[in-house]
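A.B. asks: Please see the structure below; I have some questions.
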Amino acid sequence: MHARIIRSATRTQFLRGSSLIHARYNHSAPPPAPNNNDTTHFGYRTVPKEEKEALVKDVFSSVAKSYDLMNDAMSLGVHRLWKNQFVSLLDPGSNGPIKCVDAAGGSGDISLRILDHAREKYADRETQVTVTDINPNMLNEGRRRFKKTMYYNTPQVNFQVADAQALDKEVFPDNAFDLYTIAFGIRNCTSIPDVLNEAYRVLKPGGTFACLEFGKVENPLMASVYESYSFSIIPLLGTILASDRASYQYLVESIQRFPTQGDFAQMIRDAGFQTGEDREGEGGSWRDLWMGIASVHTGVKI
């Protein structure tokens, strides 16, 4: 699959970008990362590690029923195109049926695209996806979406309440899956290294880790426009569309706190994955979408 990922990059052109020095924009520069081992960040707040999970769960319980609307607000609707590109790049079904974990995937967005891609392009009705989320409300939204499809109540999809940082070894045994996806979810986890280590554990040798996440924009003009939109407009849209400014404010801040593309690529390598070169683009560790507003990261278990 790794070779397929590299070849696929030649078919899809991604815009380049890397890290943005947020201090250029004082109105949105995140505070220094907490250096106490017992604390972490929740947006721009420093909180005890044991509290973050509950706080994040509250956010997604609040936005579960308006999740698509939230993503439309966060990306001006472009998240749908990004998700399509993400799955097309992975090309599930190209080497036969696979077993996939879609972590933090309660909405079903990515898992449904994976199954549709495998079926429509390769007549594959055997690929299986386990959709996981720590939030039961998000999983309920995914189930509701899948009830409208041919996959519901078939072996091709199942739903598991699960913490991506500590997957149940009976349900997610070692070396069991061909593909692990996580889209717009890893930045909300308390410990990104724990998530990456669990992904490495459950993947078979040769299996692929793939992450779609908001990134950092290098172009100063684009960065300024995007940050102004993020901090001025998105929380306002949260108030207007969902009567929930606080959740949308957290989501904006969580994007700013997420590592740069290069730093995240190094974290993936530190977990044991083989990546491309330490740069963006074909043959690199990540691909930027829309000048780095979002990025696709991949790694292969060796």
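Note that Cβ sites are derived from N, Cα and C of the backbone, with glycine treated the same way.
Below are the features listed in TrEMBL for this protein:
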BINDING   S107, D133, D163, A164  S-adenosyl-L-methionine binding site
A.B. asks: Just jot down the residues in the same chain as A164 (S-adenosyl-L-methionine binding site), at least 6 apart in sequence, with C-beta under 8 A of its C-beta; none if empty.
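C.D. replies: A164 (S-adenosyl-L-methionine binding site) has long-range Cβ partners A103, A104, T132, I134, I182, G185, I186, C189, V195, E198, A199.
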A.B. asks: Give me the largest Cα to Cα distance among S107, D133, D163, A164, the residues the record lists as binding S-adenosyl-L-methionine, in Å as a whole number.
C.D. replies: 15
A.B. asks: Which residues does D163 (S-adenosyl-L-methionine binding site) neighbour through Cβ under 8 Å, counting only same-chain ones at least six apart?
C.D. replies: E53, I134
A.B. asks: Using all protein chains in view, find how many other C-beta atoms are within 10 Å of the C-beta of S107 (S-adenosyl-L-methionine binding site).
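C.D. replies: Around S107 (S-adenosyl-L-methionine binding site), other Cβ atoms within 10 Å: 26.
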A.B. asks: When you measure from the Cβ of D133 (S-adenosyl-L-methionine binding site), how many other Cβ atoms are you left with inside 10 Å?
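C.D. replies: If we count other Cβ atoms within 10 Å of D133 (S-adenosyl-L-methionine binding site), we arrive at 28.
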